[in-house]
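J.: One structure, as structure tokens, below. Some questions next.
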Amino acid sequence: MTHYDIALIGTGSGNMVIDSRFDDKSIVIVEKGQFGGTCLNRGCIPSKMLAYTTEVADTVAGSERFDVSASDPDVHWKALRERVFGRLDENEASGREGREKSDNITVLAGTGTFTGPRALRVRVGDDDIEITADKVVVAVGGHPVVPPPIAKSGVRYHTSDDIMRLDEAPRRLLVLGGGYIAAELAHVFAATGAHITVVESSDNLLGPHDESVTEAFTSIAQQRYDVRLGTSVTGAHMSGDDIVLELDDGSEVTGDTLLVAAGRKPNTDDLGCEHAGIDVDEDSGRIVVDDQQRTSADGVYALGDVSSPIPLKHVANREAKTVAHNLANPSSPIATDHDLVPSAVFTEPQIGSIGKTEQQLRDAGTRYTAGRKDYSDVAYGWAMEDTTGFCKILADPASGKILGAHVFGPQAASLVHVLVVAMQFDIDARRLASDTYWAHPALTEIIENTLNELELD
């Protein structure tokens, strides 16, 4: 059995924990899959690289409205896939190699399972390696959920883990789910020419977002795809090479490829948390942590999707910074602030959100005022010939405090950060609107104009 100062399980955001502050520590890194975790290899980075190509294709396809003649775009899937993953696979390999070359770091390519307090058994090939550590950081992420009707059916399916590496783009893609992963990947494969069918059990797509966003996005998706809302899958079977989904309304939908994007679950099932004294929430399956990222077990920290109720990469990165600081400075720990976490959806249109939704404020009985302006109300929106984009801001009518903001349209994922900064540093709507120079005719004027729509006391 080998003892280390620090054991790190998982190399997504967890890999950020280990920096030069720990050069004098003995460290073991346990990784069962690709270095860099979900985001780098099969999540947010490849999907956004694919989405950007989709955005370029959409621009070309719509060029006539800008008086530009262009032939119909043809997305070359194999070349696109090879370009994206050629770059990312190189990053993955260099990240692993860099850690393996570090004098104070041991990398174990295997699956780690707790056998006791701060004690792990790591399965590497056919060998079991026993290790212990003074401190343990758990950052093992999560995995896609496959509903029982699909899992038990025996049909061929893909998840976000593997669909972006398909050899051939689908011709008829079935998408089970209506969240951001489903929306982004449907957007990507529609650009390759696939016919898209979306099956979602709720009444809108992107349900957790503000109601104005979900209504607008659902309406646009229904114009582009075959969207089955309020519908659940009861079974599935193969018909020749095709996959057939059986729906609870008695109908069936057919495709040559099935993407299951029905949510994700923390990777705690086989972690052995019970042997280490690590509490796991029964309902969510997440490791329970406090605001310093400490688990119920002394000396064990957790971060990212395995423990966070907000499974986003930028949240995991922030939590990694907290863990790194607290390991290096145990006498002056810091806490992770999860109050204002922005989100973005890279579809067409893009979506950027921060803070409360209108329905959350209404359900809580919070007094608020809502301002909304369309992209078509500002000069740069005219240049873009945009007809669907908008900005919506929610604020306290008495104080002007911004409570939430939602941008729907081109560049929304970037535009929303003006409001992220304002909310983070408590700049109220009055000050933001009146004390700021807004470059004319930049698209940011949509934010200025929306602020001016707020009915403040």
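Cβ coordinates come from backbone N, Cα and C, glycine included.
All annotation found in TrEMBL is predicted automatically rather than curated by experts.
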J.: Since TrEMBL lists Gly177, Gly178, Gly179, Tyr180, Ile181, Ala182, Ala183, Glu184, Gly263, Asp305 for NAD(+), which candidate among Glu200, Glu246, Glu282 does it give for that site as well?
T.: Glu200
J.: Of the residues Cys39, Cys273, which one does TrEMBL pair with Cys44 through a disulfide?
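T.: TrEMBL annotates a disulfide bond between Cys44 and Cys39.
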J.: So if I draw a 10 Å sphere around the Cβ of Gly179 (NAD(+) binding site), how many other Cβ atoms end up inside it?
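T.: 19, counting other Cβ atoms within 10 Å of Gly179 (NAD(+) binding site).
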J.: 10 Å Cβ neighbour count around Cys44 (disulfide bond)?
T.: 19
J.: Can you tell which of the recorded positions Cys39, Cys44, Lys48, Gly112, His440 lies nearest to Asp305 (NAD(+) binding site) in space, using Cα positions?
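T.: The smallest Cα gap between Asp305 (NAD(+) binding site) and any of the recorded positions is with Cys39.
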J.: Would you pick out, from the binding-site residues Glu200, Asp305, the residue whose Cβ has the largest number of other Cβ atoms within 10 Å?
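T.: The residue with the most neighbouring Cβ atoms within 10 Å is Asp305.
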J.: In angstrom units, rounded to an integer, how far apart are the Cα atoms of Ile181 (NAD(+) binding site) and Cys44 (disulfide bond)?
T.: 9
J.: Where DSSP helix means H, G or I and strand means E or B, what are the helix, strand and coil counts for the domain 'Pyridine nucleotide-disulphide oxidoreductase dimerisation' (341-449)?
T.: 40 helix, 27 strand, 42 coil
J.: Per 10 Å Cβ neighbour count, which of the recorded positions Lys48, His440 ranks highest?
T.: Lys48
J.: Pick out which of the binding-site residues Gly112, Gly177 has the most other Cβ atoms within 10 Å of its own Cβ.
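T.: Top count of Cβ atoms within 10 Å goes to Gly112.
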